[in-house]
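If you check TrEMBL, you get these features:
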COMPBIAS  9-22  compositional bias 'Low complexity'
REGION    1-22  region 'Disordered'
TRANSMEM  83-105  transmembrane segment
TRANSMEM  126-144  transmembrane segment
TRANSMEM  150-168  transmembrane segment
TRANSMEM  180-200  transmembrane segment
TRANSMEM  212-231  transmembrane segment
TRANSMEM  243-262  transmembrane segment
TRANSMEM  274-293  transmembrane segment
TRANSMEM  305-325  transmembrane segment
TRANSMEM  331-355  transmembrane segment
């Protein structure tokens with residue numbers, strides 16, 4: 001009797017081991033998907049903004065104004081086939097659709113991941129990124145003109161989540177609940193502002209001027225508070241690891257989009273739009289004069305590198321509008337330099353991403369390891 005006792009134990013151990021091995025298979029299969037997060041929409045932001053830049057430049061290139069004829073970049077664009085732009089727009093659409101599908105699958109298979117992202121000091125801000133991408137893609141669409149019924153329906157569908165996120169995030173900033181601004185503020189917090197400004201520009205171009213003014217006032221008022229908070233280098237802005245330092249270029253994107261949004265609302269690139277443009281240009285010059293700030297983040301490829309092209313493209317878009325209203329060659333050459341730079345940076349990152357596919361979903365992502373805000377307003381490890 002005593003010799004037969006170990007047999008059930010062995011069987012139980014074997015069964016437990018088999019069950020654990022079987023249970024681990026789905027986890028291993030889903031592990032790349034669970035490592036996917038909203039930060040990957042940096043890629044779609046860059047491509048969609050690039051499509052909008054080419055749409056803007058190519059449409060202006062067909063005009064016969066003196067400014068157009070004196071602009072070497074637009075002169076080149078006049079000779080490019082329209083299929084090139086459609087190909088770029090299709091690439092942006094495919095990328096954004098794929099990222100959206102992956103993010104939706106992750107949320108369906110692991111609903112807790114979405115709740116964790118809402119508590120994440122950086123992740124919650126990138127929840128604006130998919131809707132910003134769709135709005136940029138809608139504005140650059142070669143198939144849907146502004147003001148058409150389908151265009152207006154899509155505009156409403158893509159803008160509504162931004163307003164809902166505003167109520168969620170800005171409400172917490174106001175009430176000092178779980179996430180008051182002085183604790184959670186970091187450069188990616190500007191994504192909420194950019195979302196409002198992009199939606200304001202899209203609404204203004206579609207004839208919804210009152211909605212555009214509402215969205216602009218909402219974004220700009222919070223931008224003033226956020227800019228001062230980040231400028232003072234409070235607690236939140238110092239918690240970003242070195243790998244995520246490329247997001248500092250969002251300081252360039254926010255005033256650039258404010259310039260474009262106000263241009264669409266006012267109907268002209270007036271003094272206010274120029275002030276926003278000059279601010280973004282000054283911040284861009286300040287960042288590129290400090291390469292040591294980004295030295296550690298450039299040692300190894302990371303998806304955070306995709307934080308560079310979108311602000312550069314937004315600045316190039318603003319410079320294109322500025323060059324259209326200012327006489328002189330300096331403005332046109334500035335637009336040429338910024339546009340070429342944004343294109344080269346985007347192409348370089350496409351090549352780096354293709355050559356480093358294994359690094360696109362790292363097992364130890366600093367984005368995931370950042371602190372999360374707990375119910376008491378403090379921070380806990382993600």
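Positions of Cβ are set from backbone N, Cα and C atoms, glycine also.
Predicted, not measured: the structure shown is a model, and the values here were computed from it.
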With a Cβ cut-off under 8 Å, give me the same-chain residues at least six positions beyond the ends of the transmembrane segment (243-262) that come close to it.
122, 186-188, 190-191, 193-194, 197-198, 200-201, 204, 212, 216, 219-220, 223, 227, 230, 269-270, 272-277, 279-280, 283-284, 287, 293-294, 296-297, 302, 304-308, 310-312, 314-315, 317-318, 321, 366-367
Please tell me whether the transmembrane segment (150-168) and the transmembrane segment (126-144) touch - that is, whether there are at least 3 C-beta pairs under 8 Å between them, with each pair 6 or more apart in sequence.
yes
Long-range Cβ neighbours of the transmembrane segment (305-325) (under 8 Å; 6 or more residues past either end):
42-43, 45-46, 49-50, 52-53, 56-57, 60, 67, 71, 244, 246-247, 249-253, 256-257, 259-260, 263, 268-269, 273-274, 276-277, 280-281, 284, 297-298, 331-332, 334-335, 338-339, 341-342, 345-346, 349, 352-353
